[in-house]
Amino acid sequence: YPFVQLATLKQRAEKAARTAGRMPSGSQPHRLVPLSDNQYVSELQMMVATLKIPLERRNRRTGRTEKARLWEITDRTVRTWIGEAVEAAAADDVTFSVPVTPHTFRHSYAMHMLYAGIPLKVLQALMGHKSVSSTEVYTKVFALDVAARHRVQFQMPGADAVAMLKGGS
């Protein structure tokens, strides 16, 4: 699968705090997340080709060739876009039961992966959680939703119960 390389907010904060370019021990510079939606990958490839977005750039400081970011956007920019989208939705009388933030999309991604049957340990790696207990938060919500969807009944007609107990079908 193609993938994206992500720097988390924690990793960006660590980068700002680094001295002499050294990585803090035990930290990874980026997390790789596969792009499993074929239609999205096709559209992204078409956009990169059409707009002639460079995939590599020369680092002015080191002189080395590096992979280029597709979009140089800040957290503030993303929050502004989300705010504008929420305002546009409100103008159409669409409301949300929870505040919509970048974290809402992260949570949605985790839930979507669980619904698709992705194992918990794989989701833990994709989410960049050091501890599986952080990932298990999503399974609690998932379990409630799945249980509600299956509508498990705890009663049956008396004749069926008697037949089952007697060994009938």
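Glycine is no exception: its Cβ is also placed from the backbone N, Cα and C atoms.
For the domain 'Tyr recombinase' (1-151), the model's pLDDT averages out at 82. The feature domain 'Tyr recombinase' is assigned by TrEMBL to 1-151.
The active site, O-(3'-phospho-DNA)-tyrosine intermediate annotation in TrEMBL covers TYR138. Its own atom aside, the Cβ of TYR138 (active site, O-(3'-phospho-DNA)-tyrosine intermediate) has 20 Cβ atoms within 10 angstroms in the protein chains shown.
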